[in-house]
Amino acid sequence: EARRQRRLLLAVVCVALLLDNMLYMVLVPIVPDYIAAMRGATRGGGGSSAPPGANGSGSGGNRSLFPARYPAASGSNEDVQIGLLFASKAMLQLLVNPLSGTLIDRVGYEAPLLAGLGVMFLSTATFAFAESYGTLFAARSLQGLGSAFADTAGIALIAHRYGEEPARSRALGTALACISFGSLAAPPFGGVLYEFAGKQVPFLVLACVCLLDGLSLLALAPPCAVAARANMPVGTPIHRLMVDPYIAVVAGALATCNIPLAFLEPTIANWMKESMGASEWEVGLTWLPAFFPHVLGVYVTVRLAAAYPHLQWFYGALGMAIIGASSCLVPACKNFGQVIIPLCGICFGIALVDTALLPTLAFLVDVRHVSVYGSVYAIADISYCVAYALGPVVAGQIVHTMGFAQLNLGMGLANVLYAPVLLFLKNVCQMKPSHSETNILLEEGPKGLYDTIKMEERKG
């Protein structure tokens, strides 16, 4: 029964992560055209009033169903608005994560996950009925607040329920695959529904799924049934985890490996149009093939980690080397077919790094601190948010001042240089659990429900 419940909870968490990333990317085909409409631009109009990402070619000038990830930073007020809108989620998430991680450690994982889903539902419904840029910005920021609780609590809940390897790596790999699928499926999903059903429909569909997911979680783990959390040990404060050198190395790797993806998304569309004359459908489908090597990378890393668990650091370092080499190859591509190859390499490398290092964070907490995972995965979420908060705002300016090739070479060099740093994690697998509060209590004999359960698990 416990195994079945944790599988159901894994499904609930995966749907939550899928929804969060779909809502993050479903705006791509909708917002540019919608903001232009609010500014008085007519649908299908040409000239300077055409919204960024709209297809201005042909006689009708219809918007593309698979538009660019973000509009290029051309310096216009509209582009600045859209860039800030996309970055606002990660910025607020970055600010809230230290608080959400601490709260999750204190109250458990299920209640913050449920609260995060509730905020995401409210954010999605607000998007559906927004009639001004200010409302869109508030809804986007509200999504960041919900994500800070839902994403962190969801990943921490998986690490808690799947305490043994290789089940933990498999479960976290499944969650990462859902994140990737949500990011890549959302633009065509939003574009098709926006084209044929209107702006509100994509958001209402996501809101309904979010509501069902929250109700499922409520049925599986009602807040009143989580009172046993009071018997669990107090988690290590997030500021102490941040200064742990091993956790800091992992967090730095997670941020560095995601910078190429976060910085290419807002810039590659404009570069493809200028350098190779790419069409709208080519620009829109640029990232779609990368989903398959990402899932392959997750699968390969999970299998390798099960067979050779002591080489987790090597899988992460190999992934960063692949990301660095692929990033440097992007500016040398001459056509649409060529550019897909390094982008697939980047996503494959990111899958290696994430799948290898996310379970390592949980293991580090187990052996060096107290086995409570809210704060440590808040640190991981902060690492992602650093890249994605800077991407929509900074990447276009770097391309404007230094050039697209220099941007890619710099990102590639950063990943290649950081890969040897993961050697610092080489001996992590040999660490033994420290005398944390949990272990001291267990050695003294069980004094409560939680200690008794953990004692039986350890004996098993």
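Placed from the backbone N, Cα and C atoms, the Cβ positions cover glycine too.
Any TrEMBL annotation is an automated prediction that lacks curation.
Listed features, source TrEMBL:
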DOMAIN    9-430  domain 'Major facilitator superfamily (MFS) profile'
TRANSMEM  111-130  transmembrane segment
TRANSMEM  171-189  transmembrane segment
TRANSMEM  201-225  transmembrane segment
TRANSMEM  246-264  transmembrane segment
TRANSMEM  284-306  transmembrane segment
TRANSMEM  313-333  transmembrane segment
TRANSMEM  339-364  transmembrane segment
TRANSMEM  376-399  transmembrane segment
TRANSMEM  405-425  transmembrane segment
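Counted as Cβ pairs under 8 Å, contacts with the transmembrane segment (313-333) are highest for 405-425 among 201-225, 246-264, 284-306, 405-425. Confidence in the domain 'Major facilitator superfamily (MFS) profile' (9-430), given as mean pLDDT, stands at 82. Counting only same-chain residues 6+ beyond the ends of the transmembrane segment (246-264), those with a CB under 8 A from a CB of the stretch are 316, 319-320, 323, 326-327, 330, 343, 346-347, 349-350, 353-354, 357, 360-361, 364, 368, 376, 379-380, 382-384, 386-388, 390-391, 394-395, 398, 407-408, 411-412, 414-415, 418, 421-422, 424-425, 428. Between the transmembrane segment (201-225) and the transmembrane segment (339-364) there are fewer than 3 Cβ pairs closer than 8 Å, counting only pairs 6 or more residues apart in sequence, which means the two stretches are not in contact.
Segment contact holds for the transmembrane segment (171-189) and the transmembrane segment (339-364), given three or more CB pairs below 8 angstroms at sequence separation of 6 or more. The stretch in 111-130, 284-306, 405-425 that contributes the largest number of Cβ pairs under 8 Å to the transmembrane segment (339-364) is 284-306. If one looks beyond the transmembrane segment (405-425) by at least 6 residues along the same chain, the residues whose Cβ comes under 8 Å of a Cβ in the stretch are 245-246, 249-250, 252-253, 256-257, 259-260, 263-264, 267, 312-314, 316-318, 320-321, 323-328, 330-331, 349, 360, 395, 398-399.
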